[in-house]
Each structure stands twice: as structure tokens, then as C-alpha cells.
Amino acid sequence: VACCCGSAACSLCCSCCPKIKQSTGTRFMYTLYFLLVTVICVIMMSPTVAEGMKEHIHSLTNDPSTVGFLSRKCDSNFNGSQVEANGKIPFYKDLCEHMKAGVNCEKLVGYSAVYKVCFGMACFFFTFAVFTIKVQDSMSCRARVHNGFWFLKFAVLLACCSGAFFIPDQDTFLNVWRYVGATGGFLFLVIQLILLVEFAHKWNKNWSSGTKHNKLWYAALALVTLVLFSVAVGALILMSIFHTHAEGCTLNKIFLGVNSGLCLFVSMLAITPCVQKHLPNSGLLQSGVISVYVMYLTYSALASKPAEQSESLLTLLSKYNVTSSCKEICR
């Protein structure tokens, strides 16, 4: 009780588990919240969820026991035949309309729903980030709130994520939030690239230092570099096969060509005498790591086209007289 509703921090373990520090427990709980919301977003992104909701509603309304129950419980203006005719449960339809989520709550799934849930999660974490600015020790009032009250925090997180669905003028909100998300995603990718380059530099430096005592470290470096570039080239070939077509898919071809060209340019630049003079630890290992990461990002971009944009994509492809097979490939 003190952990969930009070200022005491959770130990997050029982007597048979090793003890953890208060700061570690706090990080674990915030990470758990983040993973929970991420799982919900993944479920919302599943194309089978909306179909499952519709099938479930249809099965309920066609069930004689359900129709009879509703006929007895509802007023005289509503009967079971209306349920069968409409194909919907009245309170479900009213709830969807009140939330402006569409006839069958189709707006509760898909990309728009994920944007709203992520907006609520961003508000939650941003609020606590501002709340804990300049906290000096774990005994202050703000630190106690930061390290405890997990049940209340979960309720606040749930309220933030749910409240995003009741924001008025949803279209304007989604348009603005898409730009905010794109900006944040760009900054996130830049930070990831910087961290990856730093990691690869330390990796190359540590393994290169081992060559003074054992020349086999050269073979290890060469093997890892070869594997990284093989993975990058293999990914490029597979994406060229499954995400391009000879008769179209021009945008996909541009993405693959530009990204692969940049990876080649970076790899050649890493071994130039000028770079080697200023950065002795620079080499093909770093560019191999970056090449694999860039191929992953390219695949993610090609494979995660929003379903809501399928019509506009097909309209765009029709200008190039692309066949139906290419339309399926260019998803």
C-alpha cells in the first residue's frame, strides 16, 4: 500500500530475490510503464484487431441469447429485431460516437490511435521530467513523489492516454502531432547514430589495442567487419527484390539508391588518409555498423507504410502505369 499509494519506493522483489537500489527500482518501474504502453500500441497497430472487434460485435448481435437479453433489459422503443437490423450493440455505438471514434470505433486502432496514446505517454513523462528538474537528493518531497506513488502514477498515465481520444478537433491535433512526432523521430535517429558511432569507435579501439599482444585480433576485426557488410549488402539485395519492381516503385528505388550510396561514401571516407590522420581509430568497422543500421531504417520505412495511405499510394503509382503486382510489392 505504501509503495502503490504512498511515497515509499517499491523493492520490486520478494525475499528470495536480490535487493535492488531505490534508483534502480524507479528506473525499472518507468521502463515497465513505457513497455506497457508500447505493447498497447503494437496491439493497436495490428491489422487483425479492427476485424476482430467487428466480428465480435457481429457474433454478439446474432446470438439469440444476447438479443433476448437486450430485448428484456432495454426500453420498449428498442427490441431484438433492431439489434439484428443494425448489426451493432446500442451502447457500443453510442460510446463510439461520443468519442468520435467512428461507427465501429475504427479510430481506436491504427496509426491515429497510436499517435494519441503516444501523445498521452509523452505528456506523462514530460511532466515528470519537468517536475524533477534540479532535484538534489532522494529525501526531498519531489524525489519521494518520483520514487513512489506507482499506483497513482499508473492512474495518471492511463488518464493521459485515454484523455487524448477526447481532444476536440481530432484532425488538427493529428496533423500537428505528426509533425511533432516526425521532428522527435529525426532527433532520436540522430542521437542513435551518434551513440552507435561512439560505440563502434570504442569497439575498434579496444580490439585494435589487443593486436599488440595477439595478432588474432586483426582476424576478429576483419571477420566482424565482413559480417556487418555482408548483412548490409544482403539486406539491400532483399529489399531490391521484394520492395521494387522493374515497371515502377520509383520512390523505393530512390531510397535504396541514396542510402546505399551514402553507406558506400561513408565507408570509403573512413579509410582515407585524411580521416586516418585525425582519427587513428577510424576504420571499416564503424562504417559497417552504420551501414547495417541504415539498412534497418530503410527496411523499416519501406515495410511500414500506413494502411490509411494505401489509396493515395495507388493513385500515385497509377500515374506511372504500374501493374497490380507492383502495387503489392511497393507496400
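Including glycine, each Cβ sits where the backbone N, Cα and C put it.
The transmembrane segment annotation in TrEMBL covers 28-50 (among others).
Marked as transmembrane segment by TrEMBL: 113-133 (among others). If you look at the transmembrane segment (113-133), the same-chain residues 6 or more away from its ends with a CB under 8 A from one of its CBs are 30, 33-34, 37, 40-41, 44-45, 107, 142-143, 145-146, 156-157, 159-165, 167, 173-174, 177-178, 181.
Per TrEMBL, transmembrane segment is recorded for 145-167 (among others).
Away from its own ends, the transmembrane segment (179-197) comes close to residues 115, 118, 286, 289-290, 293, 297 of its chain (Cβ-Cβ under 8 Å, at least six residues beyond either end). Residues or ranges marked as transmembrane segment by TrEMBL: 179-197 (among others).
Annotation source TrEMBL lists transmembrane segment at 217-242 (among others). Using a Cβ-Cβ cut-off under 8 Å and counting only residues 6 or more beyond its ends in the same chain, the transmembrane segment (217-242) has close neighbours at 204, 207-208, 210-211, 252, 256, 260, 263, 267, 283-285, 288-289, 291-292, 294-296, 298-299, 302, 329.
Annotation comment: TrEMBL describes 254-271 (among others) as transmembrane segment.
The list of residues near the transmembrane segment (283-302) in space but at least 6 beyond its ends in sequence, with Cβ under 8 angstroms from a Cβ of it, reads 189, 192-193, 196-197, 199-201, 203-204, 207, 221, 224-225, 228-229, 231-232, 235-236, 239, 243, 252, 255-256, 259, 262-263, 266-267, 269-271. Annotation comment: TrEMBL describes 283-302 (among others) as transmembrane segment.
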